[in-house]
Amino acid sequence: MYNRYRVMLRATCFTPSLSRAYCPLFALFLRIPSVHHPHHPSSSPFRGYHSSLQVKGSRDRRRILVDHNRHLCTIPEAAKQPPASTSENLSRKARKKAIQQSPESMLKQKLDMCSRNGNVLEALRLYDEAKRNGLQLSQYHYNVLLYVCSLTDGEAESPSANPGLSRGFDIFKQMIVDKVVPNEATFTNGARLAVAKDDPEMAFDMVKQMKAFGIQPRLRSYGPALFGFCRKGDAEKAYEVDAHMIESEVVPEEPELTALLKVSMETKNAEKVYETLQRLRDLVRQVSKPTFDAIEEWFKSEAAAKAGAEKWDVKKIRDGVVSGGGGWHGQGWLGTGKWNVTRTEMDENGVCRCCKEKLVCIDINPVETENFAASLTRLACQKEVKASFNQFQEWLERHGPFDAVIDGANMGLVNQRSFSFFQLNNVVQRFQQISPSKRLPLVILHKSRVVGGPATYPKNRALLEKWKNAGALYATPPGSNDDWYWLYAAVSCKCLLVTNDEMRDHLFQLLGTSFFPRWKEKHQVRISVSREDGLKLHMPPPYSIIIQESEEGRWHVPMSVEDDLQTSRQWLCARRSKTH
C-alpha cells in the first residue's frame, strides 16, 4: 500500500490549485486507500524536543477567514465571529477568552504539548476525537500532527508498533481532502515521514514539488532527503540533492557538509572530499569535533594516500592563492603517498608546532567592508527607530573616527556581580595608552547606564562628564539595542571593537556567514580579569583561524571551541611524507 502511494506521488505533478478538477495532488490522495491501523497499547521511544518544523506565522494564528469559494479556508467554522448582537455585548477581554477556550484553540494547545513531549499516541487520539466531533482542522493543526508522526521510530518492524508512521500518510491525505493549503512545513514534515519509512527518494520528491506551489524550500526541507541518502551510502543521489539546494540558493551548514564529506569518504571519491573541504573552509571556517574526527579519518585512509598529483604548475598554484585571498589555492590534492597526520597547536604567531609552517592572515577586501557597513545600516534602521540611528550616524561623522570602540555594558560586567565603572575606566585607559593618537576610545552605553543608579555617584559622574566632553561617549536611546551602535561604529571607523560578546545570537546571524566572521576575527579585542594577571587584553590573532591549504599541499584544520581564552584550540596538521 505504501509503495503504491510512493509511486503515485512520484508520477504526480503538484499544482497550486486545490480544485477537484485541476489538482492532481487532490486526485492522488482521493485514490489512495486509508492506511489507518488500530492503536497499539504501548508507545515507542520518542525524541523529547519541540517541533522546529511547525508553521510560523500561519493564517490560523491571525484568525483570518478566507473565502470559501476559493476552497482555501484553513480555520474551523467555530472560529468565525459570533453574531453581531452577541459580539457587541462582549468585552475585548471576554472575546479573547472565548477564542482561547474555543475547541480549535484548545486542540492547538494540546497538540503543542504532544509535540514538545513526542507523544504520538495522544496526538492521534486528539486527531480522531476532533474528526468524530466534526472539528475542521487548520493548516497549523495538520502540520503539528505530521511533525509528531514523523518523530516515530523508523526501525519498528510493524505498523502497529509505529502508529504515527503508519497513519502519517493517511493524515497527509486527509489534509488535502479537507482542501487545506500545504506550506513549507507541510512538505518538510511529509519528507520526514518518507525518510522514517526509509524512502529518501520520496522525501526528495516532496521538496521538488514545493516550487509548483510557489513555496521556497528551506535548509530543513532538504535535510531528510540528504541525510537519508547519505545514511544509505547513495552518494550520487546525495550529490543530486546538494545540486538542487545550490540551484534553490539554499546554503548548507556544517551538518549537511559533514554528511556529504562522510559519504564521499565511504565511496572513496577524493575529488568530492576535496570540494567539500573547500566548502567547509568557506562556510564553516572552524569545525566541530565530529567533523574534525571525520577529516582526520580521511587523511589517514588509503584513498587519501592515493589521491594527488606528482607534479604541478607552481605558478598556477601561487596565482590561485593570490586570487583566493590567501590560505588556499583550490587546485586539487598536491603530492602523493601517505599523509602524516598530527593533532597540534599554533604558537602565538600562528606557527604550527608540528610542521613549523606559519599560517597566513587572510586579507579583507576594503570594498567588502564598505558593503558590509551599508548592509549593517539597512538592518539597523529596520530594527531600530530610524531617526535615532540616523542621529547616531551624524554624531559619529562629527566626532569620529576612533581607534577603538568599547561595548561599555559588556566591559563593565566582565567577572563582576554588578556594573563597574571602575573596570570600564581601566579598559578605556588601556586603549588610550595603545592608541597611535592617544585619543580616548568611543564608549557606547545605554542611556539607562548613564543616568540614575551608580551613574550618580560623584566619581562615576566625573568619568561620564570627562568622556562626554571629549566626544568619546554616546548614550543609546531608551528601547534601543546598543549592539547595533557599537558594531556599526567599529565597522564604520575600521577600528578595533572591544567586547567579550561572542556575537552569535539572532541579531548577528542576520549579518550572514560570509564576511562578518572574517571581520570579527580581525577586529574584536576581548579582555580577561583575574587576581593574578589583572586586566589582560586579547588582541586579534596575527593569523586567520580557518581551514588553510598551503602552496605545498599541507592542510591545517582548526577545531571550534566555546571559549579559546579558557581552552587551547586544537589543530589538525596533515602533510605528505614526500612532495615534489
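The backbone N, Cα and C atoms fix where each Cβ goes, glycine too.
Summarising the annotation, TrEMBL assigns domain 'PROP1-like PPR' to 95-305. Here TrEMBL flags 218-252 as repeat 'PPR'. Per TrEMBL, domain 'PRORP' is recorded for 346-573.
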Residues from the same chain, set at least six apart from the ends of the repeat 'PPR' (218-252), whose C-beta lies under 8 A from its own: 52-53, 184, 187-188, 191-192, 194-195, 198-201, 203-204, 206-208, 210, 259-260, 262-264, 266-267, 269, 272, 279, 283, 513
Number of helical, extended and coil residues in the repeat 'PPR' (218-252), per DSSP: 27 helix, 0 strand, 8 coil
For the repeat 'PPR' (218-252), mean pLDDT (0 to 100): 96
